[in-house]
């Protein structure tokens with residue numbers, strides 16, 4: 001069969017397998033986030049997904065793209081980084097939209113409750129002068145600011161902004177600075193090696209916040225086990241692909257670390273299986 005394909009189309013089974021593996025490499029990383037995206041869209045609840053996951057992946061894949069200009073690694077790995085960045089922006093856009101809708105609904109409910117309390121007014125001596133002092137049993141009504149933007153330059157709300165444009169603007173700044181530094185330091189081998197290592201190490205440590213949170217709470221409640229299973233299978237395939245295709249050492253070393261962390265999280269599922277009770281926990285925080 002192999003020689004027939006080779007004679008007729010100039011292809012071999014090896015070529016087909018290679019293309020299939022490359023295609024799986026490109027789209028495999030985004031598959032775990034498809035059910036999460038659909039779940040958020042269906043339930044209109046984004047509290048179970050941490051946007052810091054998106055932050056880590058955007059930084060990691062952006063650095064990996066910059067590293068490509070120094071070490072021309074396999075094209076599928078470059079395309080995967082581009083696809084992952086697009087996927088993370090889609091996740092951010094949905095989460096910000098859902099959180100904004102829910103915040104508006106809460107504000108309307110608070111306003112309605114305040115209006116129900118407003119008839120309880122106290123007339124003071126100043127009323128004779130034409131002024132009225134309004135108070136409630138709960139004291140003066142206060143409103144905390146519910147909109148946060150990148151332009152506020154408030155570190156307290158970093159990566160917790162309430163508009164999608166702030167996330168996009170921040171990444172545009174990161175890309176501009178990264179491109180400028182890469183252009184100036186492209187000939188410095190040790191610097192570019194560090195960039196490559198930081199890129200894959202950041203992605204490898206993606207599960208660390210999840211592991212720490214599970215350890216502190218002695219529970220895995222609120223964590224999507226299916227997502228972690230897909231992480232594990234995908235990372236195993238990815239690491240094997242790195243080794244088979246002789247990718248730069250940073251890739252397969254950090255890939256091995258990533259698989260180890262995935263397995264550690266799955267071990268927590270077994271250890272804490274009796275403690276998985278509802279708590280106020282969010283994945284990735």
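Glycine is no exception: its Cβ is also placed from the backbone N, Cα and C atoms.
For 12-34 (among others), the entry in TrEMBL reads transmembrane segment.
As annotated by TrEMBL, transmembrane segment applies to 46-69 (among others).
Within the same chain, residues 22-23, 25-27, 29-30, 33, 36-37, 40-41, 46, 49, 51, 54, 57-58, 61-62, 64-65, 68, 161-164, 167-168, 247, 251 sit at least 6 positions outside the transmembrane segment (75-96) and bring their C-beta atoms closer than 8 Å to a C-beta of that stretch. Look at TrEMBL and you will find 75-96 (among others) tagged as transmembrane segment.
Counting residues 6+ beyond its ends, the transmembrane segment (166-184) has Cβ neighbours under 8 Å at 58-59, 62-63, 66, 69-70, 89, 92, 96, 148-151, 159, 192, 195 in the same chain. The feature transmembrane segment is assigned by TrEMBL to 166-184 (among others).
Residues 50, 52-53, 56-57, 59-64, 66-67, 70-71, 182, 223, 228, 231, 248, 250-251, 253-255, 257-258, 261-262, 264-265, 268, 283-285 of the same chain lie 6 or more positions beyond the ends of the transmembrane segment (190-212) yet place their CB under 8 Å from a CB of it. What TrEMBL records for 190-212 (among others) is transmembrane segment.
Sequence-distant contacts of the transmembrane segment (224-244) (same chain, at least 6 residues past either end, Cβ-Cβ under 8 Å): 21, 24-25, 28-29, 31-33, 35-36, 48, 207, 210, 251-252, 255-256, 258-259, 262-263, 265-266, 269, 283. What TrEMBL lists as transmembrane segment is 224-244 (among others).
Annotation source TrEMBL lists transmembrane segment at 250-272 (among others).
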Surrounding residues of the transmembrane segment (250-272) on its own chain - C-beta under 8 Å, 6+ positions past either end:
73, 77, 193, 196-197, 199-201, 203-208, 210-211, 214-215, 218-220, 223, 225, 228-229, 231-232, 235-236, 238-239, 242-243
